[in-house]
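Database features, via TrEMBL:
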- 39-74: domain 'EF-hand' (DOMAIN)
- 75-110: domain 'EF-hand' (DOMAIN)
- 119-154: domain 'EF-hand' (DOMAIN)
- 194-212: transmembrane segment (TRANSMEM)
- 271-292: transmembrane segment (TRANSMEM)
- 312-338: transmembrane segment (TRANSMEM)
- 350-367: transmembrane segment (TRANSMEM)
- 373-394: transmembrane segment (TRANSMEM)
């Protein structure tokens, strides 16, 4: 730090201390635990004891600044001595196996990792035997320092890093950079979307201008209203085209997908929806001003123009104004209920049922505007045909849920006897919900869905299968009950429940067929579409190896340890199947990240991560997941991840992501930086 930065940091830490310490100007152990934000009190107590240099039972500002100065500005040796003192619980000057086990146990709790006691013993012995080089039965400071030298990444930024108030504030360094939307990489990676938006904008301007000129005799407000009305004719039809799922799935297999962004049809649907809202507001406002002018020279008042049929405005018995008011309400309601905060807040049903009012919107538009039916006729017939085919296929091919697994974090794994839409009458008779398929295409006798409980319908699904099976009144009820008990385990059961499936439909992951190097990134339950892809690639890759060379980097990010259980058996199978291959002959590289685990350069996790590394090398298996691939703590550093992919130079890189939208923005920005194609999958 520079002198100015040091002064700002000192002032900032002082303010943080005063806000916590209160009137007594001292921090006690309880206040320290709260401020440090540690899950395990062991570390709070150890840090507190080391910060409290005078042993008074509280920490003064001077004691805090002295300790922080060591951790922030101290040498590598100073920081290592502090770490050694944390591990040396009894202050004897050396670390014995029991002390190390106590520390590692606290490390596990701090990182939200659950391991059996036997595994904890293995971790302790692995680290202790590696560090105790003279076999004296204890680890000295010099031995710990020597051991840490084998882990250079740990020493890069050795810090407590759990308490935000202990971190120096980031220096705001504003660099003059070109806006992201003006970079060459952005235009290259979004060329299809930008081309579409340009065509859409030009067409909108032409329609607006043409309608205005055609009605120039009616005055300026009338011209604006007619221009917006023509744009609404187009947009209210085009928004339908963007949701013709079967039609778009067919187009994805043609040259059209190379020109237009068909994989972003939902985003384009949203853009057109907002355009409809804007044109509707301007259209209505222009008509109101026009009616104000007309009311000054006619026998009708403004409210009669707006709320009655007396002026005779419209081609169906003067109903244009009334239908316009109702349309305004419907469109506003649909846009409001389709907002992210509604869909993501566990109220998907509000979005679902409000969106069904599109039937009324189109019906009212036919009555409201004399020319709308001409725009709507062909797309409307295709849409109707799709709906009829979908209902017929779904009902004629009524399927059954034959197996259920209730997985950690409230994920329901359904095995259905043969990206689908699912209707389960037992849960909700009329609701259809989209889910990605997690089983490979070659699995012809059944399909798998992994459904995370995130809303009312998915929660009802999970709770429905969590309840014990209902007893049926039959003469052989006891025999049936005995048979069911033998089949039923706590979270796994067989069943025979009617359901209906509409699909599958094409998704952005189809582009993997054009990839030479595919990077699949799943965040949490976002792994589901990639599970199917990985299985399919593995079943096909050896057949097509001479014709199609594909390299795959699979990155799975989870918040907690239990989430890895969703697909650990699949990943284990993939690892075992290519275990005998030479590294250069393996098509799949896996990378696991656990965000709740503290990073390797955090003092509360250094010992644990070192032990996990040592035991993984010894057992050739990760202690957290059981895979050969070592689970990395924290979040990926995307710049380094994509830099490595770029340096490998294995061919054209396509990045596929499924997960939270916020992370998608970060990954997309990095893809633009490195010139990778980015595709976002919906789950």
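Including glycine, each Cβ sits where the backbone N, Cα and C put it.
What TrEMBL says about a protein is an automatic prediction, not a curated fact.
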Original post:
Hey, which bits of the same chain come close to the transmembrane segment (194-212), Cβ under 8 Å, at least six residues off its ends?
Top reply: 187, 223-224, 226-231, 234-235, 259-261, 268, 271, 275
Original post:
Taking residues 6+ outside the transmembrane segment (312-338), which of them lie with a CB under 8 Å of any CB in it?
Top reply: 270, 273-274, 276-277, 280, 284, 287, 305-306, 350-351, 354-355, 357-358, 360-361, 364-365, 367-370
Subject >> Contact call for the transmembrane segment (350-367) and the transmembrane segment (373-394): at least 3 Cβ pairs under 8 Å, seq gap 6+ >> reply: yes
**OP:** Using a Cβ cut-off of under 8 Å, list the residues of the same chain at least 6 residues beyond the transmembrane segment (271-292) that approach it.
**Re:** 197, 204, 218-219, 221-222, 224-225, 228-229, 231-232, 235-236, 238-239, 242, 302, 305-306, 321, 324, 327-328, 331-332, 334-335, 338
Subject >> Cβ-Cβ under 8 Å with the domain 'EF-hand' (119-154): same-chain residues at least 6 beyond its ends >> reply: 77, 80-81, 83-84, 87, 93-97, 100-101, 104-105, 108, 600-601, 606-615, 618-619, 623
Original post:
Restricting to the same chain and to residues at least six past its boundaries, which positions have a Cβ under 8 Å from a Cβ of the domain 'EF-hand' (75-110)?
Top reply: 38-40, 42-43, 46-47, 50, 120-121, 123-125, 127-128, 137-141, 144-145, 148, 155, 158-159, 162, 598, 603-608, 611
Original post:
With DSSP, how much of the domain 'EF-hand' (75-110) is helix, how much strand and how much coil, in residues?
Top reply: 26 helix, 1 strand, 9 coil
